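Going by Swiss-Prot, these are the annotated features:
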type	residues	note
DISULFID	Cys30-Cys39	disulfide bond
DISULFID	Cys36-Cys46	disulfide bond
DISULFID	Cys43-Cys49	disulfide bond
DISULFID	Cys55-Cys61	disulfide bond
DISULFID	Cys67-Cys73	disulfide bond
DISULFID	Cys79-Cys85	disulfide bond
DISULFID	Cys91-Cys97	disulfide bond
DISULFID	Cys103-Cys109	disulfide bond
SIGNAL	1-28	signal peptide
Amino acid sequence: MAFKTCGFSKKWLVIAVIVMCLCTECYCQCTGGADCTSCTGACTGCGNCPNAVTCTNSQHCVKANTCTGSTDCNTAQTCTNSKDCFEANTCTDSTNCYKATACTNSSGCPGH
């Protein structure tokens, strides 16, 4: 007795796997867009990047490790021209660098 797979063939399975891999790759980097919540790698010019590791000219980068020209960089370790870098070790032209040990033209730095 043969087992029928509801009309799916190996060809469709291969296509589905390729599409899945391509979509997964898209989550790594996002460029532009109002909502990049699915991006986990890098955001550039995005409006909402709460899960990205790296943010450039983006907003709401609450989990980013590195921020450049971005906002809400709450946990970033390195901030350049960014806002709300509460945990940053290094701040350049950034704001609210409360724990920074190296500050250049930034606000909120300890001892400044």
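Heads up, the Cβ atoms here are built off N, Cα and C, so glycines get one too.
Shown on the structure are the features that Swiss-Prot records.
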residue: Cys36; record: disulfide bond; CB count, 10 Å: 28
residue: Cys43; record: disulfide bond; CB count, 10 Å: 32
residue: Cys46; record: disulfide bond; CB count, 10 Å: 25
residue: Cys49; record: disulfide bond; CB count, 10 Å: 33
residue: Cys61; record: disulfide bond; CB count, 10 Å: 34
residue: Cys73; record: disulfide bond; CB count, 10 Å: 34
residue: Cys85; record: disulfide bond; CB count, 10 Å: 35
residue: Cys91; record: disulfide bond; CB count, 10 Å: 30
residue: Cys97; record: disulfide bond; CB count, 10 Å: 29
residue: Cys103; record: disulfide bond; CB count, 10 Å: 21
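Cβ contacts within 10 Å of Cys67 (disulfide bond), excluding its own Cβ and spanning all protein chains shown: 33.
The Cβ of Cys109 (disulfide bond) lies under 8 Å from the Cβ of Cys91, Cys97, Tyr98, Ala100, Cys103, each of which sits 6+ residues away along the same chain. The shortest Cα-Cα distance from Cys49 (disulfide bond) to any of the disulfide-bonded residues (Cys30, Cys36, Cys55, Cys67, Cys85) is found for Cys36. If you take the Cα of Cys43 (disulfide bond) and the Cα of Cys73 (disulfide bond), they are about 12 angstrom apart, rounded to a whole number. Of the recorded residues, Cys39 (disulfide bond) and Cys73 (disulfide bond) place their C-alpha atoms 15 Å from one another. Cα proximity to Cys55 (disulfide bond) (within 10 Å) is found for the following disulfide-bonded residues from Cys36, Cys67, Cys73: Cys67, Cys73. A 10 Å radius around the C-alpha of Cys73 (disulfide bond) takes in these disulfide-bonded residues out of Cys30, Cys46, Cys61, in sequence order: Cys61.
The 10 Å shell around the Cβ of Cys79 (disulfide bond) contains 33 further Cβ atoms across the protein chains shown. According to DSSP, Cys97 (disulfide bond) is assigned to coil rather than to any helix or strand.
Neighbour list (Cys30 (disulfide bond), Cβ cut-off 8 Å, at least 6 residues apart, same chain): Cys36, Ser38, Cys39, Ala42, Cys43, Thr44, Cys46, Cys49, Ala52.
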